[in-house]
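S.K.: Before I ask anything, here is the structure I am working with.
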Amino acid sequence: MNDTIASTVRLTQYSHGAGCGCKISPKVLEKILHSDMEKWVDPHLLVGNETKDDAAVYDIGNGIGIISTTDFFMPIVDDPFDFGRIAATNAISDIFAMGGKPIMAIAILGFPIKLLPPEVAQRIVDGGRFACRQAGITLAGGHSIDAPEPIFGLAVTGIINTDKVKKNASATAGCKLFLTKPLGIGVLTTAEKKGKLKAEHQGLATEVMCQMNTIGAKFAEIAGISAMTDVTGFGLLGHLSELCEGSGVRAEVYFDKIKTLDGVQRYIEKGCIPGGTERNFESYGHKIGAMSDLQKAILCDPQTSGGLLIAVDADSEQQVLEIAADDSIELFEVGRLFAKEHDSPILITVL
């Protein structure tokens with residue numbers, strides 16, 4: 001099989017899930033990660049999994065921290081090269097979400113060798129290699145297995161000054177919430193998988209998913225950004241609820257300010273809602289105030305390689321907007337943080 005034939009393979013037909021939408025639901029994941037074993041605390045581990053942050057951070061001394069993360073999933077698009085590029089971009093994003101700089105990656109590949117020829121896998125890995133080059137790092141190795149469905153991703157190592165780490169559990173009341181990418185990736189990729197995506201929307205989600213969140217490293221220099229995380233498989237409300245829970249704050253989300261990819265509402269009306277949307281809502285819906293069906297479909301939509309969600313204090317807002325503009329990133333406000341009401345289980349109100 002040559003590259004031309006490889007590019008005609010519809011990878012999404014070989015997987016039951018798609019991108020970050022195939023994540024195990026937050027509710028089930030919590031049960032999996034629960035342990036009765038005595039916890040061993042490493043004083044050098046600055047960020048672990050207690051707050052469900054994007055990556056782990058380990059203090060190696062002299063004010064330097066190592067960031068470690070891994071992310072992989074099944075095809076979200078049909079083209080093998082694009083799949084590899086998206087999966088790699090998504091994995092590298094976790095380093096930027098902590099405010100760090102990636103330095104190296106290794107690949108994770110699962111491939112159905114009896115169903116698809118190796119040329120398809122080669123294109124997937126090349127896509128990953130391309131994304132790594134964009135991030136200024138080397139794809140230094142990896143591991144592969146024969147699997148029933150295609151799987152690809154990276155384990156990524158990064159570096160950061162320990163006093164610059166941006167966590168998802170350090171947000172403060174009064175901050176505005178901004179997002180760097182529009183929502184609706186799960187909706188558009190579901191429309192593509194169902195064969196309902198219009199010609200004018202072909203490649204739109206791919207373009208957004210391939211945008212590298214490099215600006216996260218610049219945001220690390222701004223003390224007035226009290227928290228940062230990337231929005232991926234649990235949707236905006238899922239990752240925002242983790243931020244609120246870990247930080248002891250509540251949020252208001254302004255739905256009329258939410259930006260979505262072109263055509264999202266139309267595809268929602270046609271039933272192009274990924275299964276991950278309902279799984280997400282079932283996991284954290286009890287923490288969210290009343291919503292319309294449209295609000296739920298957009299705000300719980302699982303994103304793959306989504307944007308950075310940042311909490312910004314008033315004094316730093318202009319600086320943040322200027323840095324984003326210099327990188328040709330259109331930040332948009334999605335809400336605001338407030339002191340938590342201790343007698344209410346609701347963390348997020350959608351207005």
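Cβ from N, Cα, C; glycine included.
Under the heading active site, Swiss-Prot lists C20, citing sequence analysis as support. Among the features that Swiss-Prot reports, ATP binding site is placed at K23, T51, K52, D53, D71, D94, G142, H143, S144. Summarising the annotation, Swiss-Prot assigns site 'Important for catalytic activity' to K23 and lists sequence analysis as the type of evidence. According to Swiss-Prot, the Mg(2+) binding site annotation covers D54, D94, D230.
Structural setting of the listed features?
M.R.: Cβ neighbour count for D71 (ATP binding site) (all protein chains, 10 Å cutoff from its Cβ): 25.
Sequence-distant contacts of D94 (Mg(2+) binding site), defined as residues of its own chain at least six apart whose C-beta falls under 8 angstroms from its C-beta, comprise D54, A55, I67, T69, D71, V156, D230. DSSP classifies D94 (Mg(2+) binding site) as helix under the three-state reduction.
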S.K.: Whose Cβ lies within 8 Å of the mean position of the Cβ atoms of D54, D94, D230, the Mg(2+) site, other than those residues?
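M.R.: So the extra residues in range turn out to be D53, A55, T69, D71, S93, I95, F96, A97, M98, T229, T232.
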